[in-house]
Amino acid sequence: MFSFTEAKSKISLWTRSAAPLNNVYLSYSCRCGLGKRKLAGGCCSAPYITCYDSADFRRVQYLYFCLTRYCCLYFFLLLLADWFYKKSSIFFETEFSRGFRTWRKIVKLLYILPKFEMESIMSRGIPSGILEEKAIQFKRAKEGNKPLKDEIPKPEDMYVSHTSKWNVLRKMSQKTVDLSKAAAGMGFINKHMLTGNILAQPTTVLDIPVTKDKTLAMASDFIRKENLKTSAIHIGAIEIIIQSFASPESDLMGGFLLVDSLHTDTANAIRSIFVAPMRGGRPVRVVTFPNTLAPVSCDLNNRFKLICSLPNCDIVQGSQVAEVSVNVAGCATSIEKSHTPSQLYTEEFEKEGAVVVEYLGRQTYCAQPSNLPTEEKLRSLKFDFHVEQPSVLKLSNSCNAHFVKGESLKYSISGKEAENHAVHATVVSREGASAAPKQYDPILGRVLDPRNGNVAFPQMEQNLFALSLDDTSSVRGSLLDTKFAQTRVLLSKAMAGGDVLLDEYLYDVVNGQDFRATVAFLRTHVITGKIKVTATTNISDNSGCCLMLAINSGVRGKYSTDVYTICSQDSMTWNPGCKKNFSFTFNPNPCGDSWSAEMISRSRVRMTVICVSGWTLSPTTDVIAKLDWSIVNEKCEPTIYHLADCQNWLPLNRWMGKLTFPQGVTSEVRRMPLSIGGGAGATQAFLANMPNSWISMWRYFRGELHFEVTKMSSPYIKATVTFLIAFGNLSDAFGFYESFPHRIVQFAEVEEKCTLVFSQQEFVTAWSTQVNPRTTLEADGCPYLYAIIHDSTTGTISGDFNLGVKLVGIKDFCGIGSNPGIDGSRLLGAIAQGPVCAEASDVYSPCMIASTPPAPFSDVTAVTFDLINGKITPVGDDNWNTHIYNPPIMNVLRTAAWKSGTIHVQLNVRGAGVKRADWDGQVFVYLRQSMNPESYDARTFVISQPGSAMLNFSFDIIGPNSGFEFAESPWANQTTWYLECVATNPRQIQQFEVNMRFDPNFRVAGNILMPPFPLSTETPPLLKFRFRDIERSKRSVMVGHTATAA
């Protein structure tokens, strides 16, 4: 047990301070269970103390202390402690007093504390040096977490002040300063001006404000009668503060450019470049010193731009990544008093240029570009000075006067070494000139014209012609300057749907025209702007119709002008009853970014205007619509279809059909199939265009569908239509269509178009591009676009409510698998045809087949296959039995204007069933680009194998237009590819079959208007036999039976 004397000695040891304890709890054990006591601010020098962190139950057991023997010393120390308790005013009033009262209780309780042995006490204690180190670390952390301050220097540190004390006092009394009225030479600083937010996108551009908008001088129509004040501002320093919202442990990096938008040259515009991490936590601070003088105007806050780039941003697109604010310090200047930079600014700040303040060891980089002139650059410059005096009216006689051009001064300074004289001047006088002969000046080395005083440069020197005569730039200017043609289209009062109103080559539109840009259109070699068509007409308000203007890259044969065929490349539908004018732009070169008049002439670009839907109410007279053709300053962009790459946006322009709803309360239903890989047409023939043929290359597809719906009747006829996606097994009597996800479109009087978007969430899986024409609607298993009258169709005039639906394109297109093909076609927009191979497979599509004549005229016969245009031409004998299939690969080759890539060909040669010893036949195969006898063969093959043989080879289509080729086009003398087969014994060599497939690098662009492709009802010739009346399902049986019999 402790004695009272021992307890008092503990107090004496406690008052002798050795090391302060901050936030350390000392605890003891006693029988009465007294809790912990905090002795913050106290002292402890005992070597045997048990210390615990503040998170635990802190317990300090006071060990066996050596008690003092002298009672006088004890009472002296007790009185001294009591005096400190009462007189101290700093910390003892709180911490020490609390501890002192605790020790008074401890003195009373020490009598009942157990007596511990010295060994157990030493095993529980720790050295007091640990407590000292923790106190030092706490002090360092407390000092390191101070609030961040602005790093921008003060104006008085950057400039030498020239303002009077009165101006300084007046500035202090004003909350808002009008910069135009501020005293010249007065520095200013604007802090924490919000710039904007950095978004999660590739590039973000933010304006750097120099001052608050309300401090900018406003435009005024009067001038105050006072001395001129501030006219410009010197921008000395800009501090950009970027508060990132990203995670503090992310690897997000940001690149930033401080750009002066006054310059157009990149080398002069970029003022500072810096890269910094975009982690959250402490903000990124960048201090730049532009040292730029800017005039006070309303555009002051738009001059400097901050361009942000996030290369590895993983934040959701469009979200806010960081918030940007700026601090700006500068000085007001005028024509009387300019700014005077301080020595600190010129020697330190201006030399530094820009600096990124680093926090927590972040990786930051900063660069300050410079574009100072060099001696080599100075030599390449040429300074031209040209000053002309105004014209003077001169009196010729009493009844006549004329204007005479005044004198002009021309002065040129050039550093080119090619010129003998870098500096030359000419003064020209226009009056009193005589027709004196030209003479050569040996000093100038030029021919002088004494009449006008001009210096005549020889034509072999390029300086005179470099600025004007060899100008190859595109046509530019206003609509009046770029208008090159105008076309009149007659809208007959008897116009009906399907009528062709205008169909001619685009080049022929210019013939006979005499507008400002007509000559420029015809004579410019390279035109980079798109062609704009503006159509205007004015019809009665109660009438309506629908016209379509379409542009296609070419035509072949007796091509079809059906709306399904012509709208696939560039087209626009227009209802003059709803909209009196319309315009659209197009690129006549679909696989390049430039074109010329000669190019569209020789490639035969076709322009067609047709009537899709006739008059709702016929006008009393014919109507004229005018088309104005011009070149706009909009860069041409190619539209290329890639086989290997899944395109983000696949333009289709597929005409889904014309929907007619009669007036009344009946709920009419119209359905349009989304198996859009095939053509459309009538019985025994089908129409094909390039985009639909291209999409049929895949067996299945999926994507986000974008439809354009156009009102094609009078605006006085109204209806509300519901559009939805469902399968074809729904009958017209099904009354719960709107239980599916649907869109309701209410067409107003002047509502002409609307866009419908069906995302991929509408479809659980992909679906087939083609469906067999014999399959019923209940069994095809593919989605349909439904259009149902929501309420009723009504109007103040008689007539039907007509809608035109066009599938504009597919976003995020995904093609799946290889399409084996279907031969057949339904009516418009139903089903398609054909076989094809996918990019990753070796599936060949049957394209063409030819059988030798049963009774050949000679021992040598030949046939030529046009591999691109899909034609078979027998040579010397017309009794060949030929058949052309309609697979998607053939449809693409025939309907695509421009093609590029590799085509793999498989030629199967089948012979008669004779003995090998009796075989006496050879086949010579020639791959040619032209059938002219002067052209050489590209490849030559010889087949002498008995029975049958298979030949595999490939060829590349590479053309002059960005690698694309237009087969047999007069432009650039382009050719096509032919495969000529010559058989020496046609009685033994009986059949040639050509199969083809595309390589994954194959690409196409542009559409060719083609005639309808016939559908053959005959079975293709069979091996060794020619049965025309058997079913396809029996072919394998017949062939197998024949083989067994043989």
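Heads up, the Cβ atoms here are built off N, Cα and C, so glycines get one too.
Checking Met460, Met548 against Swiss-Prot for the annotation N-acetylmethionine singles out Met460. From the options 136-142, 409-415, 619-625, the stretch Swiss-Prot describes as region 'Involved in tubule formation by the movement protein' is 409-415. Every protein chain shown contributes to the tally, and the Cβ of Trp649 (site 'Interaction with the viral RNA') ends up with 14 other Cβ atoms within 10 Å. The two recorded residues, Asn633 (site 'Interaction with the viral RNA') and Trp649 (site 'Interaction with the viral RNA'), have Cα atoms 24 Å apart. Reported as a whole number, the C-alpha separation between Trp649 (site 'Interaction with the viral RNA') and Arg476 (site 'Interaction with the viral RNA') equals 30 Å. In this structure, Arg476 (site 'Interaction with the viral RNA') belongs to neither helix nor strand by DSSP; it is coil. According to DSSP, Asn633 (site 'Interaction with the viral RNA') sits within a strand segment.
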